[in-house]
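Annotation comment: TrEMBL describes 327-337, 372-381 as compositional bias 'Basic residues'. The feature compositional bias 'Polar residues' is assigned by TrEMBL to 340-355. Feature annotation from TrEMBL assigns domain 'Formamidopyrimidine-DNA glycosylase catalytic' to 2-121. TrEMBL lists 283-381 with the feature region 'Disordered'.
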Amino acid sequence: MPEGPELHLASHFVNETCKGLVFGGCVEKSSVSRNPEVPFESSAYHISALARGKELRLTLSPLPGAQPPQEALSLVFRFGMSGSFQLAPADALPPHAHLRFYTAPPAPRLALCFVDIRRFGHWDPGGEWQPGRGPCVLLEYERFSLCPCRDNVLRNLSDKAFDRPICEALLDQRFFNGIGNYLRAEILYRLKIPPFKKARTVLEALQQYRPSPELTLSQKIKAKLQNPDLLELCHLVPKEVVELGGKGYGPERGEEDFAAFRAWLRCYGMPGMSSLRDRHGRTIWFQGDPGPLAPKGGRSRKRKPQGTQLEAEDRKEDLPLSSKSISRTRRSRKHPPKTIAQQSEGTSLQQNQETPTPPKKGKRGGQPATTGRRRPPKSWP
């Protein structure tokens, strides 16, 4: 699922690839998308992008003299599970391109496409950031963590979100805008914090820390870089991912563009790591003790080498609903349900075994019933 670094890489990709390009015409939406139409048409306009946390704002700016006269329009995207941007020839659109911005003629036409395989992504023509989201951990670090006395996290520790385990609190976008599943695992792993330790307990320790007043400003900054705390890692770890590049926006093609990211991972999905599902059903990877708030009855699973059953289960966890339905259909084909006749037959058989029938009148009517298993009648209802 795209997190803060992926949205930041996407905005950089849009700004670099669309620099110098002139777009024109209507914005085209696919017929299968349930997102709203984009009410914009211009003979010439530019496109720019800005990311904030897990959101990206795309701005369409008409050029002077463009027809019809129109104000600039902004769209705010949330990528869902698989959203991304691609630039492709207009006559060779990528699959699942659900929103398309075409360049103006006469040059060979290109299309900037919002590609979303699972169709969980969303765009809003209003152009406003989603209300309630906290400062971006990447681009608004000063508001997020630099001044602990006014920090958006530490001044709100009374919120009930911090009654939860720290692994769940890190996904609350009101306080950690841009942090997602793989980032929380990597951050907690570096600090050796049990994922199911109470969030308030973890964060209250940051309020008590006071650097020595004898240290100079440069010495304080150096000490922070050498021993970053949780809030600082919420900025530094996503920044590392951005500096890696790639992830679909690099020069390589296909899976090769993700090679640097896979080599960077230390905890998330790595062999030897354990995993549990949190209250929302999302898998958290960790090492060692899960913590006192670990779900009761939850069994910790260790990551095995690739190709094992665990890997297959992890892939199944991220399947869309349609794929899960296909899996259930395949299972039903292997083990078809009993027909009504078979069910009634089984019920009758059970009743006949438990309730013996009285002996019939005839040649052996006066003899006592035998203790052996009674022979079933020739025909069953």
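Any Cβ shown, glycine's included, is placed from N, Cα and C.
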- [ ] Could you break down the residues of the domain 'Formamidopyrimidine-DNA glycosylase catalytic' (2-121) into DSSP helix, strand and coil, giving a count for each?
- [x] 14 helix, 53 strand, 53 coil
TODO: Determine the mean pLDDT over the domain 'Formamidopyrimidine-DNA glycosylase catalytic' (2-121), rounding to the nearest whole number.
DONE: 96
